[in-house]
C-alpha cells in the first residue's frame, strides 16, 4: 500500500466554505484537492493501491480525511468536485473512529501524530519529502510519504517525524508543489514495482 499524508495548516475543518472561491474561503483546500487528484488520477481510472490522508489544521480541532483508492467512487479530475466531496465529509460529525461519508472517503478527529502512529502500527515505513533529504531510492515502491502544504512543515512537525523514525528523502533539489511531488513519487514507485 502506498500512502500520502498532506498537512493542511490552515485548511478549514468545517464545511462553511464556497466551492466558487476555494483559495479565499477554505483555508487553501484547493491545494489539498490537487494533491488528492494527483494521488489517484490515471488516464482512464483511478489508482486502487493508494490512500491519501489530509490533515486539516485550520479549525477548532484537527480532523483527518482518508481517501481509500480500493473503495473510492465519485472522484473526478477537477478541484471543485473534489472539494465538494471534502465538504460533504466535513458535514458529518467526526469522532475518534473513522466514519465514511461517501464510498472510499472517511473522516475522524485526529492530528499528524495519531495518524502516523496508526500507519506505523500497520507496518508502514515513513518517508518525509524535503528538498535537502537523501535521494529517494529507486527501489521504494510502497510506504507513507509525508508532505507539507504550500507553507511546508513546521519545526515541531519535523521533530515529530524524526522522533518516529521517518526517513527524510528528496526527489530533487528544487522546491516543488506538493501535488507535483505526489505525481513524481507515484511514477518512481510504479517503476520500482516493475523492476521487482
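Note: Cβ is positioned from N, Cα and C throughout, glycine not excepted.
According to Swiss-Prot, the protein has these features:
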| type | residues | note |
| --- | --- | --- |
| BINDING | 129, 148, 181 | S-adenosyl-L-methionine binding site |
For a quick check of packing: other C-beta atoms within 10 Å of the C-beta of residue 181 (S-adenosyl-L-methionine binding site), how many?
22
Beyond the site residues 129, 148, 181: chain residues whose C-beta lies within 8 Å of the centroid, for S-adenosyl-L-methionine:
6, 128, 130, 145, 146, 147, 176, 178
Where does residue 148 (S-adenosyl-L-methionine binding site) sit by DSSP, helix, strand or coil?
strand
Looking only at 129, 148, 181, which the record lists for S-adenosyl-L-methionine, tell me the maximum pairwise CA distance in angstrom.
11
